[in-house]
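Here's the structure, in structure tokens; my notes come after.
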Amino acid sequence: MSDELFVVEDLTVTTSTGRGPVDVVKNVSFTVGRDETLGIVGESGSGKSMTALAVLGLLPRGARTSGSVRLDGTELLGRSDRELRPIRGNAISMVFQDPLSSLNPYYTVGLQIEEMYRTHRGGSRKAARQVVIEALEQVRIPDAGRRIDQYPHQFSGGMRQRVMIAMALCCSPSLLIADEPTTALDVTVQAQILELLAELQSTTGTGMIFITHDLAVISSIAQRVLVMRSGDPVEYGTAEQVFSDPQHDYTRMLLDAVPRIDDEVAS
Amino acid sequence: MTRYVLARLGGVVVILLAVCLFTYLIFFKLSPDPAVMICGKTCTPERIDSIRSVLGLNQPILTQFGEFLRGIVAGRDYGAVHCPAPCLGYSFQTNESVWSMLTSRLPVSITVAVGAAVLWLLAGVIGGLVSAVKQGTWWDRTAMALALGGVSVPNYVLALVLQYVLVVKLQVLPFPSAPAFGDDPVLWFESYLMPWVVLAVGYACLYARLTRSNVIDTLSENYYRTARAKGLGGALIMRRHALRPALTPIATIFGMDFAGLLGGALITETVFGLNGIGKLAADSIAKNDQPVIMAVTLLAAFFVVIGNVVVDLVYTALDPRVRVVSA
């Protein structure tokens with residue numbers, strides 16, 4: 001076996017609709033190595049997020065999965081909620097798109113990170129608090145010792161996403177799934193968050209799945225790319241391959257849709 | 001925060017004054033002449049005049065209203081009779097002090113309200129929660145069908161049916177008599193059990209449906225998904241990420257419902273013959289006993305207005321987003 005950290009084979013997700021079952025993800029396969037970033041690209045409804053949720057068993061009620069999802073050789077698919085709990089947030093953690101609605105408005109950010117840390121690692125609240133402050137400092141939240149006791153609505157969008165990232169990384173997971181982590185943020189903040197993720201990944205050695213509809217973002221962060229459309233895996237390969245020599249018309253179309261700075265402008 | 005509370009309390013005073021004025025105008029100006037009512041059948045014009053001057057009815061209406069307010073704060077004199085503060089006047093029917101009528105009846109209403117509230121909160125919240133978690137199962141469907149039925153049954157029907165079955169037929173409960181708790185705790189409990197249940201059923205069903213829909217909404221919130229993605233489970237995720245957000249709005253509704261009940265459960269108290277504020281209200285309206293009507297109206301308004309302020313203050317404690325930033 002290679003040193004692949006995370007292997008997905010023939011993952012199919014079926015949800016039931018009023019008109020019968022629909023496959024929203026069809027036979028998706030990919031691998032993520034240690035230290036590696038896989039980018040999953042596609043338009044809305046292409047099944048990117050469903051793939052991510054299926055990995056952690058977080059699909060909506062009534063959705064079924066088939067195929068195989070393995071972390072370090074351990075099969076995750078088909079496990080019960082209770083069996084998946086020690087893995088969620090601990091071995092595989094996730095950062096979601098909208099940090100405001102993804103954080104519980106009723107609790108301080110400190111408590112929300114702390115409860116996760118203590119669920120997986122145990123220990124006293126006091127010790128956990130120190131870990132949380134360090135996690136917040138790691139994502140460069142200024143004055144972390146004070147901000148730990150603030151509520152999500154007291155943070156700016158970018159800072160909230162930093163909180164989510166601090167939370168996702170505080171148990172040192174081996175795989176981080178970032179589902180459109182920069183989509184809800186404005187462009188300058190996007191760049192900061194991307195830079196932060198890349199930097200944290202290089203220091204922690206975490207494998208990462210980065211889901212986005214933004215090809216520019218993928219090209220700057222991913223080593224491998226999976227292109228999806230309507231639940232189908234359209235193209236899969238190294239970033240270099242996919243960007244310089246796309247095999248599929250849809251990928252070419254996506255690439256052409258991105259304006260390039262060296263394009264000639266018709267005058 | 002202190003400034004906010006003071007401002008709210010100022011508002012309370014204004015609202016209560018407005019309610020006072022309104023009730024005063026309605027009951028003393030638009031109702032039959034109290035002097036004629038007090039005077040009774042063997043009445044002479046001189047007697048009516050003397051009653052009017054004792055009650056101050058010959059004064060301009062605003063002076064009368066001022067006297068009424070002064071009575072509440074400082075007491076007042078009716079001829080030779082001194083009515084100590086807080087003075088709400090004397091019943092036209094029994095000549096009893098209205099204030100002492102209220103204070104003697106209030107414990108009954110409070111007992112009814114508190115007992116019913118405990119019952120309906122327990123039944124409603126637990127039932128709704130279980131329904132939400134077991135959404136779509138036979139338990140959920142049965143519970144929600146029962147809840148719809150429970151909301152629809154008028155409580156006087158339920159009260160009469162329960163009395164007939166439990167008191168008359170099966171004889172497992174005594175007829176409610178509102179004894180003091182200290183005299184006979186068992187009888188006290190048995191006595192209040194039916195009123196509590198009758199009053200609680202409608203609210204419990206309403207709260208069960210509310211809790212269910214709130215919890216289901218919360219379970220589809222992004223932050224609940226985050227909590228699951230963090231690996232939380234069991235009681236912790238339920239308590240922190242489902243119940244707390246789902247129950248916070250219910251606390252508001254509960255505050256208002258409970259405050260409303262403190263002003264008397266008119267139907268329940270009347271059907272069970274419990275001498276609470278509700279029955280006092282029903283009796284005084286039937287006999288057009290204006291000082292008493294006035295007093296129970298004010299008391300109900302007082303509870304609702306105070307309840308409102310308490311709910312707002314509690315809400316700021318429950319939801320950090322509405323917490324008032326102190327300057």
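Numbers run from 1 along the shown chain.
In case you wondered, yes, glycine gets a Cβ from its N, Cα and C as well.
Taken verbatim from TrEMBL:
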DOMAIN    B:106-315  domain 'ABC transmembrane type-1'
TRANSMEM  B:7-27  transmembrane segment
TRANSMEM  B:108-133  transmembrane segment
TRANSMEM  B:145-166  transmembrane segment
TRANSMEM  B:186-206  transmembrane segment
TRANSMEM  B:246-272  transmembrane segment
TRANSMEM  B:292-315  transmembrane segment
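Residues 127, 172-173, 175, 194-195, 197-199, 201-202, 204-206, 208-209, 267-268, 271-272 of the same chain lie 6+ residues outside the transmembrane segment (B:145-166) yet bring a C-beta within less than 8 angstroms of a C-beta in it. Between the transmembrane segment (B:108-133) and the transmembrane segment (B:246-272), the number of CB pairs under 8 angstroms, six or more residues apart, is three or more, so the stretches are in contact. Beyond the transmembrane segment (B:246-272), the same-chain residues lying 6 or more positions past its ends with a Cβ under 8 Å from any Cβ of the stretch are 108-110, 112-113, 116-117, 121, 125, 132, 155-156, 159-160, 163, 176, 194-195, 198-199, 203, 207, 210-211, 214-215, 217-218, 278-282, 296, 299-304, 306-308, 310-311, 314-315, 318-319.
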